[in-house]
Amino acid sequence: MVDLLVIGGGTAGMVGARTAASLGARVLLAERDRTGGDCLWTGCVPSKALLAAADAAAGARTAGRFGVDAGEVTVDFGRVRAHVRAAIEHIRPVDSREALEAAGVQVEAAEAVLTGPGTATVGGRGVRFGRALLATGAAPALPPVDGLAEARPLTSETVWDDLTELPARLAVLGGGPIGCELGQAFARLGSAVTVVDGADRLLTEEPAEASAVVTAALRRDGVTVCTGSGVTAVRDGALRLADGSAVPFDRLLVAVGRRPRTADLGCAAAGVELRGDGTVVVDGALRTTNPRIWAAGDLTGHPQFTHTAGVHGSLAATNALLGLSRQVDPVVPRVTYTSPEVASVGLPPERGVTVRRVGHGHVDRAVTDGATDGFTTLVLDRRRRVVGATAVGPRAGEVLGELTLAVRERLTTTDLAGTTHAYPTYSGAAWDAAVDDVRARLAGPVLGRVLRAAVRLRAQRSAR
Ligand SMILES: Cc1cc2nc3c(=O)[nH]c(=O)nc-3n(C[C@H](O)[C@H](O)[C@H](O)COP(=O)(O)OP(=O)(O)OC[C@H]3O[C@@H](n4cnc5c(N)ncnc54)[C@H](O)[C@@H]3O)c2cc1C
Ligand SMILES: NC(=O)c1ccc[n+]([C@@H]2O[C@H](COP(=O)([O-])OP(=O)(O)OC[C@H]3O[C@@H](n4cnc5c(N)ncnc54)[C@H](O)[C@@H]3O)[C@@H](O)[C@H]2O)c1
């Protein structure tokens, strides 16, 4: 009998298991593949390492605009892949079985399947648990398109090992975060990339203006962007689009979303209800419909991010072991690491009472960097509290911490405006937006009249 059975050794499972062990619980973590999960092996780490190589190529190619000539840029894809592997290797020990065991977690390299409300098999062996945490993540979805399987498409799971040479022509199906990040990376490394998305624009989760800036940036990098036309078939080495056009490719990468890994988990036997799309039904405290079982990470239907998986894994383990009902934080920041980056948090512009926008043509750091195509917006409620924000530009992800804190702590534009920001920084754009808002209020009909009267009064007094 274990206090907590954790199924899945990705971010949610590892953080949940460590939290539980630190509370003194007997924890068994079952991982059927590699501890570290998608983030380490096939997600964040390799994709950001690839983007770093791609940025270096793009930077060298465009250095002439600063008067710096780097000569002809050549890409050795073998060495790019070595850089990606080295980044994984550097981080791997932190997520290793040994590190988990040192933290007090018992690790089984085996598949777990629920067999009843308080029982499971781990590698075929029966296990009884007091509590369980489901953290089996999600896997790339393949749409039911004629001829797709025969085209041996790459996915975010296979691209890192299977793609040993840079394809001359790469078609990317799906223009979400994965399609945009990897599409831009491969274009900058030298492939002729076409990104195809059935929706009418890329990055549909983001404000339309952010999506437009990224689309323009991808086009500048040579990416062909085809939106608004679904794929009807894959035939003769080409995507066939609904509008009758064809996108020929040497390799095809599919990035049309991710499906929870719940099909073979034994949820029905354990009384864990699933939604139609396979995600696990959880309440606000991450408890499933089985009161002994919690779930965290990509399988829950919450936003699929590593930070969400980690925070939820810890929350679920704490709730499970201490009998608490702490609720998930609704404020979830997100960053798409294209160039420029897109960073967002909170409500979108259309749900605010006021939106303050600063174009990066007015941000001195963006001017000195020659990167003025971005912008920063603050979304405000009636009481001038920051309820949402978007930043598009270099290092936008680094600016997002402050904006997330502002949304979470319900800070007002007066709070932000009254906080000195270093010059010249991109975070200065959020400061400027807040200052604009405070100034607009000071110049408004009521406050403006009061202030003007106060200044006149003081002037009259000092003239006496
Ligand atoms: C290309 C790409 C780039 C990304 N970039 C970012 C980024 O920059 N920032 C960000 O925040 N997020 C990013 N993500 C998303 C992020 O990787 C995921 O949200 C996160 O890894 C989810 O963690 P998890 O613990 O829920 O699932 P996973 O990491 O998928 O872990 C689940 C684990 O469970 C195991 N498992 C499954 N079933 C069983 C079973 N029955 N028994 C035992 N083990 C089982 C699996 O082998 C797996 O190791 C990216 C994803 C991709 C694909
Ligand atoms: N920087 C990050 O934090 C980061 C990076 C990569 C992935 N992720 C996570 O991984 C998740 C999955 O990413 P994703 O990009 O695969 O999925 P996604 O769901 O975010 O985007 C998929 C895109 O594919 C399009 N699409 C769906 N079916 C299609 C079809 N049949 N034909 C053409 N287009 C189609 C959709 O319109 C959408 O734009 C993301 O939601 C995100 O949570 C995060």
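Heads up, the Cβ atoms here are built off N, Cα and C, so glycines get one too.
Among the candidates GLY104, GLY257, GLY266, GLY271, the one that TrEMBL lists alongside GLY174, GLY175, GLY176, PRO177, ILE178, GLY179, CYS180, GLU181 as binding NAD(+) is GLY257.
Between CYS39 and the candidates CYS44, CYS226, TrEMBL records a disulfide bond only with CYS44.
When the domain 'Pyridine nucleotide-disulphide oxidoreductase dimerisation' (332-433) is classified with DSSP, helix, strand and coil residues number 37 helix, 31 strand, 34 coil. Using the Cβ center of GLY174, GLY175, GLY176, PRO177, ILE178, GLY179, CYS180, GLU181, GLY257 for NAD(+), the list of other same-chain residues with Cβ within 8 Å runs, in sequence order, VAL172, LEU182, GLY183, LEU202, LEU203, ALA255.
In this record, NAD(+) is bound by GLY174, GLY175, GLY176, PRO177, ILE178, GLY179, CYS180, GLU181, GLY257; the longest C-alpha to C-alpha distance in that set is 14 Å. Residues from the binding-site residues list (GLY174, GLY176, ILE178, CYS180, GLY257) with a C-beta closer than 6 Å to any atom of ligand 1: ILE178.
Taking the C-alpha positions, the distance from GLY174 (NAD(+) binding site) to CYS44 (disulfide bond) comes to 18 Å. Checked against ligand 2, the recorded positions CYS39, GLY174, GLY176, ILE178, GLY257 give GLY174, GLY176, ILE178, GLY257 as the ones with a Cβ under 6 Å from it, listed in sequence order.
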